[in-house]
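Participant: Below you'll find the structure I mean.
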Amino acid sequence: MGLVSSQNIQNINVLFINELDNYVASKAVDVVQTYLEKNSNYGLALRIDKVEANKTDAKGLLESMCAKYGDSIEKNQPPHVIFDSTKFGLASDTVKSFAIALGLPTVSASCGHDGDLRQWSDMDKDKQNYLLQVMPPVDIIPEVIRSIVQKLHITNVAILYDETFVMDHKYKSLLRNMQTKHVITSVAKDDSKRTNQIERLRKLNINNVFILGNLSTINLILETVKPTFLERKFAWYAITQNEEEITTKRANVSLLFLKPVVYSQNRERLKQLRTIYNLNDEPQIMSAFYFDLALRTFLAVNELLQSGTWPIDMKYLHCDDFQGGNTPERNINLKQAFVQINEPTSYSDFELAKQPGTPFNGHSYARFAMEINVVQFLDKNSPNRKSIGIWNAGLDSPFEVEDEENIKSIAAPIVYRVSTIVQAPFIMRDETAPKGYKGFCIDLMDEIAQIANFAYTIEEVSDGKFGHMNEKGEWNGIVKELLDNKSDIGLASLTVRAERENVIDFTVPYYDLVGIAIMMQKPKIPSTLFKFLTVLEPNVWLCILGAYFFTSFLMYILDRWSPYSYQNNIDKYVDDEVKRVFNLKECLWFCITSLTPQGGGEAPTNLSGRLVAATWWLFSFIIIASYTANLAAFLTVSRLSTPIESLDDLAKQYKISYAPIHDSPEMIYFERMANIEHMFYEIWKDLSLNTSLTLRQKSKFSVWEYPVSVKYTRIWQAMQDAKLPNTLDEAVARVRNSTHGNEFAFLGDSTDIRYLVLTSCDLEMIGEEFSRKPYGIAVQQGSHLKEMLNDAILKLLNKQRLEQLKIKWWLKNKDELKCRKSKDQADGITIENIGGVFIIIVVGIGVSCIILVFEYWWFILRKRPRVITVTESALSTDVKLAQGIHLGREICN
């Protein structure tokens, strides 16, 4: 650009509005004015009217602006442009309202995204062309916090800032749509208050602290905190606008330190401005920003003036003349000229929104770089610094580092909050366990945490509910904890349901389809040692015993009097090997042995006796066959038959009451099914009674019975009559206390019932489960945890680790009781049922031993010698001789 004569220099009138304590902006505008004066080749001279704004006095600021503005109009020197360096709040809002009301071209360096510029929202296209805002570095630097949180998946954040940063508008926007608990507060000035301020963060379980401030503020906080806050479980991030290095007197401090750096292509120009024009105010990045923005603004206005596109007879409206709708129309495209300026910058570049449809204001900002350093103070004032990357400042700019391990060494361990409900064997309390709980889900979460490299805390839901929406649309249980951001993960036997998926997200299922099952008390099978005797009734046993004695005595009589019996025909059977006289003892033995497979031995020789024996054998065969058949059936099938095999069986009877737990998913299922049946009935009734239908159409609905089943309506009514138990323990107690005529069946989650059956011997699950759904892990809607947990679960599934956990907690559970086989398995003959047989053997052996002793005694008694006199001996001999002579005579006769 060549030299310009003084006559061709363009004078530009500027209304400069600045906050009282923003010395950096004030000095930068002064430097711009000096810079243009010394560089006449720009052909530009400034006449600046300054207005200093009080942040809290909007009325005084408006009066000052109107006064300056009015004076300039009276002097015929109205402002071409307003340069606004107010940052945020009441003063900035007042300037924007002033500019838009009077139609004055304005370039603002205020903070705020698109939604924060309330006074400049919903502007027409003309106003958008001359009311411009470019966000300063102080407004962009906090965006790095969002990038770090996203990068490291941080779940809790405390942001402490000093007066060098503007965070008033960041409370809601900075971490918007992120599942991160955060606190944003200014640093307390007083030492004791600052100590208490940091201590409160610990009570809120926050272990990631970001400090936004100058170097003295960062050092002040580090020296305030207790040593426990500098341990590994806490992470510190220091972010500043200054370019100097951080220092502290504390030892054993590790933190991530970010500071702005000058682009290499801008260093020479910045050095020139600092040495020649004294642009030395700190922070340097803000000083250079105000300089570059002001210079660009004035050059853009000059371009419009030089090109003739600036209105010649521009009308200006006095403050007192403004009536709300009489803003002058402006045909000034300051935005186009501002964007097209090619003036080099002195520190950073401008990122100006040029895309169609993207608003300029709230999306245009200073683009710069921040150096990422890991700083460790092992000893006082001897830091170990390592640069690990550069963050290119911007909206939603990613946070990238050269070495991931370096940042992981600084970052606090990732800790997620887990809400749960105790339900064996998924979640069970155990004081000896690391987190106070054990179970299938705890093992699962430990495996996932190891794969995804995070830690977690676990806490029971206060109301003990999984999550149900009431009539007002309010949720309870785990779902409410997730919706209220009180929890990051819902870990329990939580079924995946459509209504829940509308408000939260679920991972891929980690457990098979699980439904509703029926649990009843297991029938009690009576047992006795002499159960085999109960096969026949007592009167039958008496009849058999009577038949035995009668047959034995009859056989004895027939053998005694029959002329063809052995004892009456000894000579006839002299050559037979077996010579059996059927006296009463032999008859009793014959009949008793005939009842056994051993047989009765040699039968009687006389025909009448053999006929009786054959009759007894036939009788014995029938009795033994009947007894054997009934004994086998009696011992294997003798148990109480269960009258209920399915839900349909429950619905068809009225003797057994049944119900699920109150306000449980099972109760909701039956209630909804009943409501659906009722809705179908109303629809059918409306169709049947619809007068607008033709007779032919009506005939299609003319049936004697309602064509849709009302099974669930009856079931739901029966459940209400049975009074729903409030807890699982109450339901189990009602099942166990069931008596004949007062039986109760519990309908609940099949995993609950399976575990109860597994750990007890008096309960059983009836029939097949129904309404089956999978179990999943719940997370907040849109949470990044969903994909992370999905990947971990799929890896465990591929390694068959989930199957191993099922084996551990179901097939090899230490709490499992070894019970008798259930009724769907064949019962063997138990010792309780047939133990009496062994008692009979023992009694028989005992009686035999007693008889043996008696026999031995009797034998000895018969063989003992007697001492008699000679007279007794002679007399005995004479008697025997006389008996012999008499017997001989009888034989001869």
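Any Cβ shown, glycine's included, is placed from N, Cα and C.
I grabbed these lines from TrEMBL:
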type	residues	note
BINDING	THR495, ARG500, ASP749	L-glutamate binding site
DOMAIN	415-812	domain 'Ionotropic glutamate receptor C-terminal'
DOMAIN	425-484	domain 'Ionotropic glutamate receptor L-glutamate and glycine-binding'
SITE	ILE644	site 'Crucial to convey clamshell closure to channel opening'
SITE	LYS795	site 'Interaction with the cone snail toxin Con-ikot-ikot'
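Help me understand the surroundings of these features in the structure.
Facilitator: Using a 10 Å radius centred on the Cβ of LYS795 (site 'Interaction with the cone snail toxin Con-ikot-ikot') and all shown protein chains, the other Cβ atoms total 14.
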Participant: Can you tell me how far the Cα of ILE644 (site 'Crucial to convey clamshell closure to channel opening') sits from the Cα of ARG500 (L-glutamate binding site), in Å?
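Facilitator: If we compare the Cα positions of ILE644 (site 'Crucial to convey clamshell closure to channel opening') and ARG500 (L-glutamate binding site), the gap is 33 Å.
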Participant: Which of the listed recorded positions (ILE644, ASP749) has the least company, meaning the fewest other Cβ atoms within 10 Å of its Cβ?
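Facilitator: ILE644, out of the recorded positions ILE644, ASP749, has the fewest neighbouring Cβ atoms within 10 Å.
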Participant: Around the recorded L-glutamate site, report the further residues of that chain (criterion: Cβ within 8 Å of the mean position of the Cβ atoms of THR495, ARG500, ASP749; site residues excluded), sequence-ordered.
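Facilitator: What remains near the Cβ centre is PHE466, SER493, LEU494, VAL496, ARG497, PRO665, LYS773, TYR775.
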Participant: Between ARG500 (L-glutamate binding site) and LYS795 (site 'Interaction with the cone snail toxin Con-ikot-ikot'), what is the CA-CA distance rounded to a whole number of Å?
Facilitator: 26
Participant: What is the total of other Cβ atoms whose distance to the Cβ of THR495 (L-glutamate binding site) is within 10 Å?
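Facilitator: Within a 10 Å radius of the Cβ of THR495 (L-glutamate binding site) lie 22 other Cβ atoms.
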Participant: Taking the Cβ of ARG500 (L-glutamate binding site) as the centre, count every other Cβ atom within 10 Å, in any protein chain shown.
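Facilitator: Total other Cβ atoms inside 10 Å, all chains included: 23.
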Participant: How big is the Cα-to-Cα gap, in Å, between LYS795 (site 'Interaction with the cone snail toxin Con-ikot-ikot') and ASP749 (L-glutamate binding site)?
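Facilitator: With the alpha carbons as reference points, the distance is 28 Å.
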